[in-house]
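*Asks:* This structure is in structure tokens; I'll ask about it shortly.
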Amino acid sequence: MAAEQEQDQDRSSHFTDPIYTETDEKSDRWMHASRMGARCLSCALERLSKINIITNPKYQKDGLKSYAYLLNEWGFNPTQPGPYVQIAGPSNSGHQGLLSKLGKNSARLLVKKVGVSRDGSSVITEFVPVRDQQNENLYHCTVSIGTPPQTLVLHFDTASADSWVWSTELSKNMQSAAKCNGHELFDSTKSSTFTKMRGSTWKITHGDHSAVSGIVGTDTVVLGGLEVTGQAIELAKSLSERVAPGVGDGILGLAFRSINTVTPKAVSTPVENMITQPDIPKGAELCTAKIGSWCDADEPDDEGAGFYTFGYIDLPTVEASGQDIYYTPVDSSDGFWTVSSGSTIVNDTVVTKGGKTAIIDTGSPLTLVSDVVCQAIYGSIEGAVYDPQDQGWVFPSITTLDQLPTVSVAIGDKQFTINKEDLGFATTSNSTIYSSIQSRGDMDFDILGHAFLKGVYAIFDQGNRRFGAVERPQEYQDMGFVLA
């Protein structure tokens, strides 16, 4: 009996009521957390646990390939010189297709400059080769789908509302190739809870015309012990060459339904479905992310670990920060986790930027900001330059941490600091460091990707349409990983 009580106490410490955002006393916070935990012990939430993030062993950091990937995904026109440009093209159903429909940019097609005409009057371009883009995702998590459960490794993406998986709907040749590459295929015929959505199809098209598409059905999805019933799952039936090589078995979309690609009627994401389930409390309609930093892999208290949670906030992580969670409203009208972000501070100098919003994107390897902010950051690093060959800002590999600026970005009315060790992304062919913060081109909003997320514990509170965060403590910082 005593052991059971001790187990219950341990379990309750993992829960906190996200509605309770400000506290006067630490004991009050624990009291609310304990009450939430006690309620959860008598329902399905008692089984909740962290979903550990798995780092892709095949991932190779490459700044230019990652930037080309984001140009393709978001369809922005670069404002700095480099090998990749956008030309007028057909509307797409990816991020840039949505943005063009919203009037935020025109429909574009990403191409690569390969030369000039003989008379020098025009640039010769070609479609961007598959090898030129980052086709791997760095982070994955395990998810169970169906009855009995089939375990797949998915990439969690807060800038997508499509949850799709490799499946046995693919051609026999594609299935064989998938198995050779280590993919798990979801087989709907082996799940007693799968129901096909007749007439529903989906298709995600990227700026280079690569695509993935298929059919739709509903099934039970388990996320860290949280059971989401009747969740729409998009089964891949066709995959382009660019999509096929990547590690992982699909995507778990964590954005908002309005950007879901299923036709004739869009479907809800897993967290949106949680809102409709009566056994999930109002305050638990959320997910959280702690993105581990590869810089910290050797630290005994961190080890570069990361995780997601669904249905609860991990209180020990919040307590370790020594802060209360800061929340700011989310504008989900465009389907993304868009927050107010009016300024960046570089070494105590406030840099005001145009387009005072940012999208929180767990799928973005780079953080994209305005050219004004880029100039402020790299103007403060000795030897930093814009390199047209790599289409990005680089700084010398001998740069030490104390030579890097302190950079923070506004989330609502609060500044969050980006760890100095996370300002470096990858080495270049010139043995410089390609920075993790690059130009957003002609977009009027920032993309806050891994460099930002590795410094915070992030709360995606879908039920209350708000984003919350605390800065994570960073006792040690190290740039050595970039040269590894």
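Just so you know, glycine gets a Cβ as well, placed from its N, Cα and C.
Checked TrEMBL, it gives:
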type: REGION; residues: 1-21; note: region 'Disordered'
type: DOMAIN; residues: 139-470; note: domain 'Peptidase A1'
type: ACT_SITE; residues: D157; note: active site
type: ACT_SITE; residues: D361; note: active site
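Mind mapping these onto the model and telling me what they sit next to?
*Replies:* Mean model confidence for the domain 'Peptidase A1' (139-470) is a pLDDT of 93.
Residues within less than 8 Å, Cβ to Cβ, of D157 (active site) and separated from it by at least 6 positions along the same chain comprise I251, L252, G253, L254, A255, D361, T362, G363.
DSSP classifies D361 (active site) as coil under the three-state reduction.
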*Asks:* Determine the Cβ neighbour count for D361 (active site): the number of other Cβ atoms within 10 Å of its Cβ.
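*Replies:* I count 28 other Cβ atoms within 10 Å of it.
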